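Read the structure below first, then the notes.
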Amino acid sequence: MDWDCPANQGHWRSLCKYCIGALCYYGLGLSSEPGALEKSVMWQDYVKARIRDTYMYFGGGIIVTAATAAAVFRSPAMLNLVAKNSWLAIGATFAAIIGTNMITHSIPYSPGFGTKQLAWLTHAAVMGAVVAPLCFIGGPILMRAAWYTAGIVGGLSAVAVCAPSEKFLNMGGPLAIGLGVVFMASIGNMFIPPTGALGLGLYSISMYGGLILFGAFLLYDTQHIIRKAETYPLYAARPYDPVNASLRIYIDTLNIFIRIATLLAGGGNKRR
């Protein structure tokens, strides 16, 4: 599809709006099981606060990541550091991402600004530094990718909220398998360029398959957040953790954005 063609964009938006509307209508009206939107009128205040805090951390993480990416892109020394393709640089990147994520998850949550929030900010900043080379694509394409990502995330979140409460919570096994396939395809693309049949196949799995996979993860994680906010004990030894909950949809959203931006840039390169 030519994404720059106004007619194609209009048809695509109309189709997406129809599909999302139909799915929400199914969840609200035709299913025999209530969805989160219908249950929300009966939520206790603490459940609403948990979900609100989760999405506030999610939004904050996106803002910190975007700001860090812009700052790193404007610093030649930092950009050169994160853009290196040596095995040492790749290993250090993986270690930084996984390490800051694990540290953030391991620290108990407490309201306000403390060690947990500092670790969360560090992780979001690391992710911003990692995606900074995407800025070479150019502002117009990145803005389009951001709008498309916002539309996809908003639409899928609406579907997850309107659907029966546990409709997507049974997808954990298939999603784990899919994640393994996409991960291996992404590793394969590091060794096999997308110039031959095998390389193009791996690229398609990594990009298009990854886009579908993380869209499905967003459905799963949205319902997981709602369910945990509803069922987590109010007086547990460790309080409900909105930071850890937000990281699930944060990672989904970031992966969707990266793939959309890459695909849009690839389409532009082909036309040139």
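FYI, residue positions are counted from 1 along the chain as it appears here.
Every residue gets a Cβ built from N, Cα and C, even glycine.
Feature annotation from TrEMBL assigns transmembrane segment to 55-74 (among others).
What TrEMBL records for 86-106 (among others) is transmembrane segment.
Residues or ranges marked as transmembrane segment in TrEMBL: 118-139 (among others). When Cβ-Cβ distances below 8 Å are used as the criterion, the transmembrane segment (118-139) is approached by residues 57, 60-61, 64-73, 78-79, 82-83, 93, 96-97, 100-101, 103-104, 107, 243, 247, 250, 254, 258, 261-262, 264-265 of the same chain, each at least six residues removed from its ends.
Summarising the annotation, TrEMBL assigns transmembrane segment to 145-163 (among others).
The transmembrane segment annotation in TrEMBL covers 175-192 (among others).
The transmembrane segment annotation in TrEMBL covers 198-220 (among others).
Residues 152-153, 156-157, 159-160, 163, 168-169, 171-172, 175, 178-179, 181-182, 185-186, 188-189, 192, 248-249, 252-253, 255-256, 259-260, 262-263 of the same chain lie 6 or more positions beyond the ends of the transmembrane segment (198-220) yet place their CB under 8 Å from a CB of it.
Within its own chain, the transmembrane segment (86-106) has Cβ neighbours under 8 Å at 116, 119-120, 122-123, 126-127, 130, 190, 243-244, 247, counting only residues six or more beyond its boundaries.
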